[in-house]
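Marked as substrate binding site by Swiss-Prot on the basis of sequence analysis: THR63, ASP139, GLU164, LYS194, ASP198. If you look up Swiss-Prot, you'll see 165-167, ASN199, 228-233, GLU251, ASN300, 321-323, ASN375 marked as NAD(+) binding site, on the strength of sequence analysis.
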Amino acid sequence: MSAVLTPAGFTDYKVADISLADWGRKELIIAESEMPALMGLRRKYAASQPLKGAKILGCIHMTIQTGVLIETLTALGAEVRWSSCNIFSTQDQAAAAIAAAGIPVFAWKGETEEEYEWCIEQTILKDGKPWDANMVLDDGGDLTEILHKKYPQMLERIHGITEETTTGVHRLLDMLKAGTLKVPAINVNDAVTKSKNDNKYGCRHSLNDAIKRGTDHLLSGKQALVIGYGDVGKGSAQSLRQEGMIVKVSEIDPICAMQACMDGFELVSPYKNGINDGTESSVDAALLGKIDLIVTTTGNVNVCDAGMLKALKKRAVVCNIGHFDNEIDTAFMRKNWAWEEVKPQVHKIHRTGAGQFDPTNDDYLILLAEGRLVNLGNATGHPSRIMDGSFANQVLAQIFLFEQKFADLPAEKKAERLTVEVLPKKLDEEVALEMVKGFGGVVTQLTKQQAEYIGVTVEGPFKPDTYRY
């Protein structure tokens, strides 16, 4: 391997091992060939430089695919400072490649909670002082929250936030409702080319991959329980069914529950008659005692609670692909049960009490990624072709908000512009078209007569905002 050199004097980064940069660069080049929409935007806007002057704070999983996103943003004129939004999700070779390119990045796999917050702070601060950032790109809302709580003065310069995930969007909407959100935001998560690709098809690909890498288990013929049947749950249930698992689904939303039934999954509840009264007696121990694998997909809290964890079959695999580690009651497990590390991001959780444990005891659970995102903790996340749509949306959303120049508006006009909106459908269709071209697909064009008949233009948008894809 050749020696890795960062630009002369460049020290504005912290990664696990800068010598991994050559490996990371090789993977970045391969990823570029699998991200036609993102690379198409890079070519389309290279001359016009729509992000010239943009200074973007980024907090999203520091993967190879994110490296392609970062270099697309900089190719279109932006400066960026980057950290990961998850302590386990960084691919160290990706972070090294970005640092070697002279881009400030603070991320490594296996950060502590304190290191995670330190990394975010290092993106916010440059030479010990708040950077004059004017855009935010977030995943989960931690960066947004820190800016609002600790650095509110920085918000006066920021034009907008683009948010990647369901959890982050929920936090933005809560802030908007409470009147604490100070800048407008684009909900990237609910763009069709994000939610259907990343949340559904991405999880279909990466969930079983992560479980197999983490456990080396054969999944076929075993029983799985998927908690939640939104887009992430749908992809997860398909992922396990592909492996030959007997998949059951739990849901709180009657519409999603109906979809699970229509898709051929048995709809069950981990609670007797579907009612959780807070007691262990309400847990359906007979059901959970047969479950070999449980995965949470909701973005909600304690959807796999202490009572459920106690009732699960011995040696069951427990994992989360929703967002934060509080979907599973890991706090209860840390307090009451003994943890034995098998390898990084794989633990035996001995249910015989805290402290010491008998290594020959078979009453344990296998917890993956400490209850954090399993597909990024135990594997490499979604493939490049999936993240292509999500990250193309991020680029277009950054351009859209940067051009609106919210921070430059007079105070009396800012209030009406404080919104959390989905990316305009025309831009969603632009991303989809580039993705289709990447597959070698050909989209049929409407004739003028056909367009007039259904009340659209030949160029689109082709569906009303109320259309459910």
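Placement of Cβ uses the backbone N, Cα and C atoms for every residue, glycine included.
Cβ packing within 10 Å was compared across the binding-site residues LYS194, HIS323, and the lowest neighbour count falls to HIS323.
Same-chain residues at least 6 positions away in sequence with a Cβ under 8 Å from that of GLU164 (substrate binding site) are, in sequence order, ILE60, LEU137, ASP138, ASP139, GLY140, VAL188, ASN189, LYS194, SER390, GLN394.
Separation of the C-alpha atoms of THR63 (substrate binding site) and THR165 (NAD(+) binding site): 16 Å, rounded to the nearest whole number. Other residues of the chain with a Cβ within 8 Å of the Cβ centroid of THR63, ASP139, GLU164, LYS194, ASP198, the substrate site, are ILE60, HIS61, THR165, VAL188, ASN189, MET387, SER390, PHE391, GLN394. Per the record's binding annotation for substrate, residues THR63, ASP139, GLU164, LYS194, ASP198 show a top Cα-Cα distance of 17 Å. Put plainly, the binding-site residues GLY228, GLY230 were compared by Cβ crowding within 10 Å, and the winner is GLY228.
In terms of local Cβ density within 10 Å, ILE321 ranks first among the binding-site residues VAL232, ILE321. The Cβ neighbour count for THR165 (NAD(+) binding site), using a 10 Å radius over every protein chain in view, is 25. The binding-site residues under consideration are ASP139, ASP198, GLU251. Their Cβ neighbour counts within 10 Å are lowest for GLU251.
For the recorded site, HIS323 (NAD(+) binding site), the DSSP three-state label reads coil. Ranked by how many other Cβ atoms sit within 10 Å of their Cβ, the binding-site residues THR63, THR167 place THR167 at the bottom.
Taking the Cα atom of each, VAL232 (NAD(+) binding site) and ASP198 (substrate binding site) are about 8 angstrom apart. Straight-line distance linking the Cα atoms of THR165 (NAD(+) binding site) and ASP198 (substrate binding site), rounded to a whole number, equals 10 Å.
Under DSSP, GLY230 (NAD(+) binding site) is assigned to coil, being neither helix nor strand in the three-state scheme. You'll find the Cα of GLU251 (NAD(+) binding site) roughly 21 Å from the Cα of ASP198 (substrate binding site).
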